[in-house]
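Have a look at the structure below before the remarks.
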Amino acid sequence: MIKYTIDELFQLKPSLTLEVNFDAVEFRAIIEKVKQLQHLKEEEFNSHHVGHFGRRRSSHHHGRPKIKHNKPKVTTDSDGWCTFEAKKKGSGEDDEEETETTPTSTVPVATIAQETLKVKPNNKNISSNRPADTRDIVADKPILGFNAFAALESEDEDDEA
């Protein structure tokens, strides 16, 4: 097989014909060998760099991918109040084993306080199908209205007398 230097490759023209003794079979074998080596290198790289679900990072931001976390569990009771349930750290079996190994004494057991978060209820849960009692309704308009003309007339009458 003929080997060329970089300068010789730049001087070659694509329109030139191949040499008479060019061996295409050997050339194809070299190409297949290079393809196999590249495939093995990719497999080795992928086996060591499996992080972030095997995705490659894009080159325009050079940052780590953002991994979405599961939403916290929120329960809504019959009154419409939503309560956040914090994730318990550790398993309950470990706590039971620790209490069994300690001797029975008057040592207070530390408990983990569960944090709760109260949220305003939805307006749809507040509405009612029952009509409101008329005695509970506060009137917006005043019962006794003020008439300015009547007040002016009454002042005039007081002055005349």
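Each residue, glycine too, has its Cβ placed from N, Cα and C.
Per Swiss-Prot, the phosphoserine annotation among the candidates Ser47, Ser91, Ser127 falls on Ser91.
In Swiss-Prot, the annotation phosphothreonine falls on Thr99, out of Thr75, Thr99. Between the alpha carbons (Cα) of Ser78 (phosphoserine) and Ser154 (phosphoserine) lies a span of roughly 60 Å. For Ser154 (phosphoserine), the number of other Cβ atoms no farther than 10 Å from its own Cβ, over all displayed protein chains, is 10.
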